[in-house]
Amino acid sequence: MNQDYIKPDNWSIIEEGFDAESVKSSESLFSIGNGAMGQRANFEESYTGKTFQGSYIAGIYYPDKTKVGWWKNGYPEYFAKVLNAPNWIGIDIEINGENLDMNACTEVTDFRRELNMKEGWYNRSFKAKLKNGTEIAVNVTRFLSITLDEVGIINYEITPLNKDAKIVYKPYIDAGVTNEDANWDEKFWEPLEVKHIGNEAFVTAQTFKTHFKVTTFMHNSVLENDRNLNLSPTNFDTSADKIQSSYAVIVAQGKKSSIQKIGGYTVSLNHANTLTAAEKVIQSALAKGYDQLLQDQIDAWAKIWEMSDITIDGDVKAQQGIRFNIFQLNQTYLGKDSRLNIGPKGFTGEKYGGSTYWDTEAYCIPFYMATKDQEVARNLLTYRYNQLDKAIENAEKNLGFKDGAALYPMVTMNGEECHNEWEITHEEIHRNGAIAFAIFNYHRFTGDYSYIPEKGLEVLIGIARFWHQRANFSKDKNQYVILGVTGPNEYENNINNNFYTNYIAKWCIDYTYEQIKKVSLEFPSDHKRIIEKVKLAEAELQEWKKVADNMYFPKSEELGVYLQQDGFLDKDLVPVKDLDPSQRPINQKWSWDRVLRSPYIKQADVLQCFYFFEEHFSKEELKRNFEFYESFTVHESSLSPCVHSIQAAALDKMDMAYTFYLRTSRLDLDDYNKEVEEGCHITSMAGTWMSIVEGFGGMRVKNNALHFSPKIPKEWKAYSFKINFRGQILKVDINHSETAFSVDGTEELTIVVNNNAVVVSPYNTVTVK
Ligand code: BGC
């Protein structure tokens with residue numbers, strides 16, 4: 001059974017009724033973020049029930065020393081972790097002398113949470129009866145400002161219901177936090193300074209090893225019936241890493257009392273002096289005030305939704321699902337800073353360490369390209385360009401490669417490899433291909449070639465050199481082979497000739513070769529600069545070509561399918577439908593030995609190749625490979641169902657496409673994998689977007705034009721989305737009888753719908769049956 005306590009709603013995520021068992025799941029689902037920081041939906045007041053505390057700051061990490069049973073050469077020294085950052089939200093609350101703790105109250109009723117995705121705020125309300133008999137109503141709103149992205153705001157209201165109450169608010173900031181996933185139970189934060197003035201307080205701490213300095217700050221105001229009482233704290237409790245102030249008020253029965261807490265972080269990535277920066281940030285927030293900050297938040301989200309919303313008519317759960325995905329992607333990454341990237345869990349949990357994976361290039365870039373200005377995707381590409389030296393070092397250090405061959409890490413924060421598992425992640429060299437593919441995809445979509453001569457070509461050359469050196473000539477096959485890899489399907493390790501890897505390796509070399517020739521003709525000075533820098537001679541190019549032109553691809557002529565790897569057909573090929581459901585998920589039920597020998601596939605692998613390079617294959621080949629591999633796929637990666645959904649739609653298997661769509665879009669809301677308490681699957685959310693736009697909408701970019709082949713699941717009445725194509729905004733509205741296209745702007749746009757050219761002029765909707 002999947003979980004189903006989230007109320008269906010078009011714009012909000014809603015939970016009603018207090019269930020201590022779902023607190024950790026809800027802490028993930030109701031997380032908030034603004035691209036610069038994020039916060040799990042932890043309670044402000046004390047809570048002694050089960051909880052997973054998480055506050056995160058983009059780009060702030062700790063290299064946690066690797067812990068393995070048996071050390072092997074090639075293991076990375078450390079696993080980079082996004083840190084649980086100092087707590088800025090905490091407010092202990094005393095009511096008539098008793099500490100408020102929902103886990104200890106005599107009764108909690110009317111509990112409700114709402115994450116309002118349209119306006120970007122999170123609210124929680126409840127009534128509680130304390131052991132001392134006082135009954136109160138609580139209503140708390142919190143958001144992380146998009147306009148002032150170092151600032152979070154909490155408005156915490158309490159109304160005593162059955163008697164007058166002495167309320168003591170004890171807001172605090174605390175750098176004495178730890179990570180649940182710390183390898184050696186070490187502390188990651190070293191406190192440096194604690195300071196307070198008036199209603200403001202600051203804790204400055206730095207990370208051990210990486211020495212990121214962070215000032216966590218707060219400013220508090222106490223109000224009665226929305227009137228600021230201008231109270232000063234009666235007391236400050238300080239320790240080396242924590243500071244807590246107290247404000248006491250007597251509140252008459254039925255009157256509303258509140259505390260407004262402004263908090264957040266200033267970090268040394270952005271400021272030379274984080275303390276003075278924090279003082280300034282508080283002033284900017286106070287100058288705006290709560291109401292204006294909230295209005296700015298609503299306006300900022302309206303702008304984001306204006307471009308990125310997808311509407312679905314006639315299916316609230318599907319609507320809620322896609323908006324949740326789009327909302328979370330925007331909470332995680334807004335594309336302002338090329339030093340940042342998109343961790344698989346975003347700011348919603350510790351798993352995957354907030355690090356960058358191939359997920360960004362393989363899954364996220366299409367969403368950001370189509371819903372934001374091209375700068376955003378370009379920043380994601382630049383992130384890898386800036387880490388090219390480290391990728392070259394990585395190939396040298398780990399594989400003994402030379403002459404500028406680059407192996408990008410599978411898991412990274414700063415360009416260094418920091419995965420935890422050798423057989424799986426280390427051998428997943430296919431990620432190098434996705435990084436090159438993203439450069440191609442960026443140019444295909446945006447038409448902006450300038451990135452390639454400026455930066456991309458160097459990355460491509462490093463990657464092509466890697467593939468050239470990694471392949472070896474097999475005398476037996478009289479072709480080049482790539483041995484000892486893990487493909488995207490992590491349920492087979494150390495295999496030979498993974499079709500996907502061999503294919504993308506060849507493609508990378510061919511594509512790089514073409515770009516070198518193009519840049520030499522069209523951007524000769526860039527060509528000269530790059531060739532001199534990387535010391536590339538024509539003879540080396542010819543060596544690469546030999547590998548690409550003679551790459552081996554495993555294939556079964558009899559079945560008409562490419563083989564996931566050399567030995568795939570030796571397996572006991574029992575399809576998933578004949579697998580006892582009690583054995584799933586196999587990664588939780590079976591030993592690794594059993595998983596590896598089985599034919600079961602975690603996520604698209606051969607089919608990932610068909611996804612990236614659809615045009616290289618016929619529909620008939622897609623059908624055969626899809627039907628063959630789908631029957632063995634267990635979709636135990638969140639990244640899996642979206643690719644299958646897109647391909648099922650292309651093959652007119654709409655029921656299947658819809659089932660996969662639901663699975664990807666409500667993966668976290670319905671907790672399909674029974675792990676949402678660890679955090680949400682942020683990177684696969686971009687795949688959900690792809691399932692609608694590329695799957696049902698059939699969008700592709702070919703020869704500088706958008707192509708569509710619109711379809712609609714029978715469960716929906718209509719749906720719509722927008723695409724920012726090279727600065728022009730195209731709106732697509734699809735229902736069961738027709739598709740309407742319109743453009744915002746002054747220029748006409750020629751698109752291709754079901755293989756026919758259609759001209760869409762401004763202010764004129766074109767309808768295609
Ligand atoms: C998937 C990888 C992915 C990683 C992070 C794994 O479960 O198999 O492809 O990169 O999660 O999302």
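Every residue, even glycine, has its Cβ placed from backbone N, Cα and C.
What TrEMBL says about this protein:
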ACT_SITE  E490  active site, proton donor
BINDING   W358, D359, K602, Q603  substrate binding site
DOMAIN    14-268  domain 'Glycoside hydrolase family 65 N-terminal'
DOMAIN    323-690  domain 'Glycoside hydrolase family 65 central catalytic'
DOMAIN    699-760  domain 'Glycoside hydrolase family 65 C-terminal'
Shell of the substrate site beyond W358, D359, K602, Q603, same chain only (C-beta within 8 angstroms of their C-beta centre): Y357, A362, P488, E490, S637, L639, S640
C-alpha spacing of D359 (substrate binding site) relative to the residue listed as 'active site, proton donor', in angstrom: 14
Listed in sequence order, residues with CB under 8 A of K602 (substrate binding site) and six or more positions away: N489, E490, Y491, N587, T633, V634, H635, E636, S637, S640
W358 (substrate binding site) CB neighbourhood, other CB atoms within 10 A: 23
DSSP-assigned states of the domain 'Glycoside hydrolase family 65 C-terminal' (699-760) in counts, ordered helix, strand, coil: 0 helix, 39 strand, 23 coil
Intrachain C-beta neighbours of D359 (substrate binding site), sequence separation six or more, cut-off 8 angstroms: I342, P344, L639, T683, S684
Maximum Cα-Cα separation in Å among residues W358, D359, K602, Q603, which the record lists as binding substrate: 16
In the chain carrying Q603 (substrate binding site), residues 6 or more apart in sequence that have Cβ under 8 angstroms from it: P488, N489, E490, T633, H635, E636, S637, L639, S640, V643
Cβ packing number for the residue listed as 'active site, proton donor', 10 Å threshold: 22
Collapsed DSSP category at D359 (substrate binding site): helix
Predicted model, mean pLDDT over the domain 'Glycoside hydrolase family 65 central catalytic' (323-690): 96
Collapsed DSSP category at the residue listed as 'active site, proton donor': coil
